[in-house]
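Structure first, then comments.
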Ligand SMILES: [Zn+2]
C-alpha cells in the first residue's frame, strides 16, 4: 500500500557553492612554511594576553572565547589595571598581545607602554589590535602619531577581498571574494609607509553611495583597506590591525593566521582536520521521515564524491535492528537498499530498540545489545564493534558503570563519543576522557537534529543553514577543532537530505576558503589520534551528576548524588588527623566513610588510581542519608593535602565541601613521619638516620631521595595551601593547629563544629578524657569507658638532634614566613610554634 506522504516528497536542495579560485592551489606559506616558524621563539608560552576595555566588555569576551576555542590559554586584563608580569627568568609568558581596542594601546600610560613595548621587542612578540569607533561624535578620521597611519571611521562597506600575496595567510586561501554587506560600521587604514602591508580590501556600501553597479570604478573599487599589517619598521613591533571585530566571520580565519604569524608559529594550529560523520538511528524513526531507495542511492553517491575531498571518508551507520522494516512501503524498500549497500559503510551498534541503558536493568540492557548483534549476523552486516554510541548520551557521562562493562563484554567497545562531557555548553569546551579502557571523544553539533527533516525546520530555513556553513557556527567548529565528530540522524538523509546538503556544501566552502586538509579515520584510530594530540585529557574529571540538569536526566532514578562528603579532612599525615577523625565520629550527626580494606581506613580517592575507579566506587563508601540534612558526611585521607591533583578534583566533584587542614611544626612533623615509617618497617628508614634522610643531596641513592621528599614536602604548608586557594575560597577552609588539638581538644572541637554548622553542637568536655598514661585525650564511650587510639599512634621516639633542628629551621624558613602571612586570610591565629620559628630566624644568623 502506498502512503500519500511518499508521492508528496519534494526535490531536496542542491549544494551551490563554487570556488572562484582553484581549490587545489596552496598558499606559498603552506607549500614551504617559513615565515610562521622560527626556532628562536620556542620559549614563548602557549598563551595570549588580552587587554579588554572593561571586565564585562562583550567584544572582549568574544575574543577570549575565540582564543579559548583554539585551546589558547588567555590572561585577561582590563586596560586600567596594572599589567601582570610578562616574563619570568628567560621565558616569555605570552606569545601574543591582543588589544580589544587598539586605541587603548596607543593611550597607555608611559610606564605600561614602555613595559609592553620592551617585552614585545625583547621576545619578538606581536600585537593584534581591533579598531573601535571613537566615542566622540563627529570624529571620522584620526592620524596615529608617530606611525604614519591614518584611520578613517564609521564606514559602511560591502564585499571583501584579500591581498593575494601576503605571507600572513596560511589557513586562509586568499583567492575568493566575499560578497555582501559587512556587518557594522568599519574603520579603514591609509598609509604610504613601507612598514605597512595591506591585508584586506573592501568598497563603500551601495547604500552609502549613489552608484551605478555597471560603473567600472565601482566594480574595481576595492580601495578601502580593512585590515593591515605593520611589519614593525618604525618601532620594532609587528602588529596586525583589524577595522572591525570578530563578528565578521572572515576575521576569525584571518585571526587564526594572525596569531600563528605574530607568534612565529607558537600559536599555530595543524592544517589537518579530522571529520567523522555518524548517521545515527538507522531504522529508527516513524513513517514519513525515513529513507527511500532514492535517498539511499543519494547517500552512496555523496559518499563517493566526499571521498575525493576527504581522505578516507566513510559514513558510520548506527543501527537499531529492532526497527528494521517499520516504515511505509517505500521506506521499507529503502531499508533493504541500505542492506544491499551494506559493505559501503561502517556500521556500529546503537541499541536494539533505542533504549537508554541507564533506565533499564543490566540483564535487559545486555539482552538488547545481544539482539542487535544477532540482527547484524542474520543480515550479514559486519559491525565495527569497537565503536558505539548510546541513545541520547545515556550512560556515557555521567558514567553508568554496567553499560561500560556490557559494551566491552558484548562488543569489545574501545571508543565512543558524547556532547555531555564536561558539559553540553559551551560547545568549544567539550573534551574527551578515558574510562575503563573506553576512549570517550567529544562530539560536535552541526545544527541537524532528529526533527530537522525539511529546510524549513532549520532555524532561518535554508538560508540559515547556508549561513552556518559559510563562515557560521558549523564552519567555525571545523576551523577551531582538529577532530570533529558530527552526529546526524536517519531523518537528516530522507526528505530534504539536509545532512548531505550540509556536508557537501561545508566541504566545498572549506576547500574554497582554506588550506585545511580534510581527513577521516576509523573511530579507534581517531581515538588514538585524539589522545595523542591531547594527552592531558586522558584523565577524567568527575563532577556531581545532580549539579547539572542534563546530567541529572542521565542519572538512574534509583541513585542519589548525595552520598558524597560535606567536608574532608585532608591532612597532612602525622598531624593528628586520626585523633580528629575519632573525635568527629563521636558526634551523632557526623558520619564518616566506611573503612577501605585496601588502604586501612582511608579511601584515598582523589590522590590515587582509585580515582579512575569512578564515582560509584567512591559513593559506595558513604551511607545513604535518611533525610537530606540529618547527617553530615565526611572522609579523611591524610595524603590529600599535599597532592598536586587533589584540590582540582575535589572542587570538580564537591565544590561546596568544606576542607579541614591540620598544621604543626613541619620539622616536628617530619620527625614523626620518619619514626612512623620505621614503625612500619620501611627498609630505607630503618637503614638511614633521620639526619641523613633530611640532608641527603643530589647524589644520594634514589630511595633515600624519595623518602626525603615524602618526609619534607608535605611541610611546605604555604605552597600547598595556595594551591587549595586556587579552587576553594578561604572561608571554606578551616585550619586546626595540632598542638591545640592535643592540649585543648574541647575548644578546637567547639570551633570546628561552628565552622561545619553541625547540629546540635555538643560540648566535647563530656566526650573526651585525658589519659595520663597515654599522654593524650581519648574518646569517652556511652558505657563510660574510654577508647584510645591504637598502638601505632602517639608512640614515643627520641627528640630531634640539634644539627637536624638547625637544618630544618633553615629549610622551612621561607615557607614558614609565607605561612604566617597566609594564615590571616583564614582567620587563623599564628600558633606558638610558628611565632618561635619566626623569632629565632629573624636576626638572620644561623
Ligand atoms: Zn539515537
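Placed from the backbone N, Cα and C atoms, the Cβ positions cover glycine too.
These features come from TrEMBL:
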DOMAIN    47-262  domain 'Heparan sulfate-N-deacetylase N-terminal'
DOMAIN    272-475  domain 'Heparan sulphate-N-deacetylase deacetylase'
DOMAIN    565-815  domain 'Sulfotransferase'
ACT_SITE  574  active site, for sulfotransferase activity
BINDING   672, 777, 793, 794, 795, 796, 797  3'-phosphoadenylyl sulfate binding site
DISULFID  778-788  disulfide bond
Contacting recorded positions, sequence order - 574, 777, 778, 788, 796, 797 vs ligand 1, Cβ under 6 Å: none
Could you check which of the recorded positions 574, 778, 788 is the closest Cα neighbour of residue 796 (3'-phosphoadenylyl sulfate binding site)? 574
Summarise the model confidence on the domain 'Sulfotransferase' (565-815) as a single mean pLDDT, whole number. 93
Surrounding CB atoms that lie within 10 Å of the CB of residue 797 (3'-phosphoadenylyl sulfate binding site), all protein chains: 13
Most Cβ neighbours within 10 Å, among the recorded positions 574, 796, goes to 574
Considering Cα atoms only, can you say which of 574, 778, 788 is the nearest neighbour of residue 672 (3'-phosphoadenylyl sulfate binding site) among these recorded positions? 574
Quick one: what's DSSP say for residue 777 (3'-phosphoadenylyl sulfate binding site), helix, strand or coil? strand
Spatial neighbour of residue 788 (disulfide bond) that is closest, considering only the recorded positions 574, 777, 797 and their CA atoms: 777
For residue 672 (3'-phosphoadenylyl sulfate binding site), what is the secondary structure by DSSP, using just helix, strand and coil? helix
Across all protein chains in the structure, which of the recorded positions 672, 777, 788 has the highest Cβ count within 10 Å? 777
For the residue listed as 'active site, for sulfotransferase activity' and residue 797 (3'-phosphoadenylyl sulfate binding site), what Cα-Cα distance in Å is obtained after rounding to a whole number? 14
